[in-house]
Amino acid sequence: MALSRRTLLGLAAAVPASAALAACGSSGPGTSGGATYWYLNGQPQEGVRAGAVDAFNKAHPKEQIKDTTFQNDAYKTKIKTAIGAGQAPTIIWGWGGGTLRTYAEAGQVEDLTSWFDEHSEVKKGLFPSSFGAATVDGKIYAMPVEAVQPIILYYNKKVFDQVGVSPPKSWDDIMALVPKFNAKGIAPFSLGGQSRWTNMMWLEFLFDRIGGSEVFQAIIEGEKNAWSNPDAITALTKVQELVKAHGFVKGFSSITADSNADQALLYTGRAAMMLHGAWSYGIQQADGGDFVSSGSLGYMTFPPVEGGKGDQSDTVGNPAQYLSISSKASAEQKKVAKDFFATGVLQDAEVKAWIDTGSVPIRLGTKKLLAASKSADFLQFTYDIASKAKVFGQSWDQALSPTAAETLLDNIVKLFQLSISPKQFAGNLNAVIGK
Amino acid sequence: MSSLTGHRPRREPRSILPWLAVPALVVFVGFAVVPLVGVFALSFTTWDGIGTIHPSGLTSWRAVLTDPGLPHALWVTFLVMAVSWAVQTPLSILLGTFMAGRQRYRAVLGVVYFVPLMLSSAAIAIAYKALLDPNFGLGAGLKIHALSQDWLGRPGLAFGVVIFVVSWQFVPFHSLIYQGGVQQIPKSLYEAAQLDGAGRIRQFFSITLPQLKYTIITSSTLMVVGSLTFFDLIFILTEGGPGDATRVLALDMYKRAFQASLMGPASAIAVILVLVGLALALLLRRLGGRDAGASQLEGA
């Protein structure tokens, strides 16, 4: 066939274009080769995660895991998109609960129930309470890993001494402390309000302390108008009272938790207290200079609210982190992932690394290691919370479906902005119950 | 483009021209038309982005159109568009006219003004976010009280910051367009005006501005249609907050799609966004008159 100039030109034009189009389709995790694994960045936790992967890769030259890290808020959207597009990593890092349910119902993650039956020694070695958020309709879809992370009330002892006050023993104490700190130009509470889930932790505790764990349980179970429970309204009103009293640091609604600016406010003494996850201890230790080692970091459980019905031992947070296996991965990748679960997760070195960051790993039988750590007091404190809690509630945004969680987070910001009333908040959220 | 065709040598084989459009067409169809049709179809479904897609008729449209969030997002989008246009246009014209001068120091300044354009929106947003941090930012660091406001935490202020940063980023680009426009104005017009005794200011209003008419339309179209898609900058600076004070339509779409897993309603918003963009582009084209492609050198 003779090539005319026209055909040549056409080819010349079309080839790069089609090559460009084809290139778009081939990015993302491939289905051949080793397993892929995405998780959150941010030290010191990132280092522990990477360490476990490196150790596994060294011990298994034929089974390699390629890891990629993401920022918290970015990851939450990225992973959903990737799973929906069939581009999920082999090993999906997550928080279990409502999000895991959407993956499981869409058939995107492997059912691990039978694997855990075959590897009962793995299951027996972990905190039994950690399996709740990994279970959807009686089947296990994720391996609990890492550490138990209850939410803790931290305070800066130096600042308390300087102002001459003692830590709060009740909600009324908190409200009484607020003007005392403000008078000295110190923010009573640090808060990374732009991240939204940070504000949510306040509601989680206030709901529990005022109305007991049943209030949120009714919401999860889809009871009609459960957000309008009078105890819920009281809790919402109390948090707005705290905002109105300038209980939170100036500019809290533009501070993000991903930048750790909220942590810095506490260890630099610009804020007196902070409600945050147990992982915060490791961050304060890593970034705060001698703040933790000099014993200036105080910690306690959220105090009771006068007249409240909640049990003081109740806590909320992350019972563990969760690893699922993508059902779209190749058989070879799935095998690598399962081998990682069996022989690469929470091995002695990783357990020790978690303890060094001030976290309590969810592996059983670590009491001695915990006691020998330089953070022994804090670890014992966390361990006791986790093991003695009558109810260990899961973080709300993870327990709810993504749709309901987004409405919740959006309205929480407006509540803290004082742009909606507790009643409007309840009304907006009643509309997404069970969705 | 139409003005170029007038200069096309007649002898070149006509049949090659359609072929030259193929690469652009492939990219346009692949990355604009196909997704557009897909989004339109998705707006009549219910989908969480992960499971199966269920056709659901007008449910998504009903949800979006009855949501008070939509008029609010439209209003914020319009405000961003109007205010950023009103801030950027005079600044760009003045800077462009200034940079069009032949003096060397003006060329040097022109390069300096150009710097923000070379930074990515994400980098700009992160830098401003750090500078404006109420506790660790510029104001707090230098102990300048006036600067340590809660810039991104109060609705009015946050909106102002968004406009400022957007202008800071895009004024250089539009100045460049105007610089080119001013340099094309024939010298003879100014010489004639000088002979008639017109001063600098009179020359600016009577020659430069009228001659820049089509440049203004081009630049305004880019600004207005571009402002519909401001996303990265606002997303990083404020995430649409505080509350929903800076939640523009594009951000609303993203939040519904990828945070709330509501692909149906998000697609409906995407369709609205496309329609608004098209309507605006057409409107501006109209404002420019039917002969928008004609020579700008009338009277020369």
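Including glycine, each Cβ sits where the backbone N, Cα and C put it.
Residues annotated as transmembrane segment in TrEMBL: B:20-42 (among others).
For B:73-95 (among others), the entry in TrEMBL reads transmembrane segment. Below 8 angstroms of C-beta separation, residues 113, 159, 162-163, 166-167, 170-172, 174-175, 177-178, 209, 212, 216, 219-220, 223-224, 227-228, 230, 244-252, 269, 276 of the same chain, each at least six residues beyond the ends of the transmembrane segment (B:73-95), sit close to that stretch.
The domain 'ABC transmembrane type-1' feature in TrEMBL is assigned to B:74-284.
The transmembrane segment feature in TrEMBL is assigned to B:107-128 (among others).
Under the heading transmembrane segment, TrEMBL lists B:157-178 (among others).
Within the chain carrying the transmembrane segment (B:214-237), a Cβ under 8 angstroms from the stretch's Cβ atoms is held by residues 77, 80-81, 84-85, 88-89, 92-93, 121-122, 124-126, 128-129, 152, 158, 161-162, 165-166, 169-170, 174, 177-178, 180-181, 246, 248-251, 254, 273, 276-277, 280-281, 284-285, 287-288, 292, 296, all 6 or more beyond its ends. Under the heading transmembrane segment, TrEMBL lists B:214-237 (among others).
Among the features that TrEMBL reports, transmembrane segment is placed at B:257-284 (among others).
Taking every recorded stretch in B:20-42, B:157-178, B:257-284 and counting its Cβ pairs under 8 Å to the transmembrane segment (B:107-128), the highest total belongs to B:157-178.
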